[in-house]
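Chemist: Sharing a structure, written as structure tokens. Questions coming.
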Amino acid sequence: MSKKKALTSLPYLASIVFLPWGISLSFNKSLEPWVTNWWNTSQYETLLNEIQENNVLERFIELEELFLLDEMIRDYPETHIQKLRIGIHKETIELVKMYNQDYIHIISHFSTNIMSFAILSAYSILGNEELVTLNSWVQEFFYNLSDTIKAFSILLLTDSCIGFHSPHGWELMIGSVYKDFGFSHNDQIISGLVSTFPVILDTILKYWIFHHLNRISPSLVVIYHSMNE
């Protein structure tokens, strides 16, 4: 009977997996024009805030130095000097537009993810009965396995997620989430998360093995440690 209930709850589980993608796509399409209009009308004059100003000025100085270097190498007449100033002005405008678009992208993606999280949380609370049914079925299935298979399954899962070869996978996943929120790629932040997040998970797992598995099946813990060594 519990297996039958679990099977009826599988569509709910599938909807939880695929619902965020659908929400993200639909909200991105509908939110981005609104965010673009709001940003361009109310925020364009204050675009060069402290962070943006530093970024734009750094790039502007680089461009100006390149143009001035070009000017020193060649003996430009006055008309060419005027074109030089116009070129710097155009490059500055393009730079401001680029940073403007980047911030629109960040705001729209961040807002979409917040809304997706809120909708998914409400959906999970409303479907709490299905989640409880699935959880009980998974626990029943796991406890019916032999201790050797249990230990092998736990070891396979942990080595895949937080083992020696897992950092590259974590780097890809964290980078994907970081990009999904609209932020530009940052190696230092991603490396910091990759070096700390798996360690936290490993600590939680060891506590779970010691506190939970040692209470329900001491032999499973012994087999797990033997296989792990």
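Cβ atoms are placed via backbone N, Cα and C, with glycine included.
Per Swiss-Prot, transmembrane segment is recorded for 7-27, 106-126, 154-174, 189-209.
Each of the listed features needs to be described in terms of its position in the shown structure.
Modeler: The list of residues near the transmembrane segment (154-174) in space but at least 6 beyond its ends in sequence, with Cβ under 8 angstroms from a Cβ of it, reads 190-191, 193-195, 197-199, 201-202, 205, 209, 224, 227-228.
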Chemist: Under 8 angstroms for C-beta pairs, at least 3 of them, ignoring pairs fewer than 6 apart in sequence. Is the transmembrane segment (106-126) in contact with the transmembrane segment (7-27) by that rule?
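Modeler: Contact between the transmembrane segment (7-27) and the transmembrane segment (106-126): present, because at least 3 Cβ pairs are under 8 Å.
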Chemist: Residue list, the transmembrane segment (7-27) vs rest of chain: Cβ under 8 Å, 6 or more residues beyond ends.
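Modeler: Same-chain residues near the transmembrane segment (7-27) but 6 or more away: 111-113, 115-116, 119-120, 123-124, 127, 130-131, 133-134, 180.
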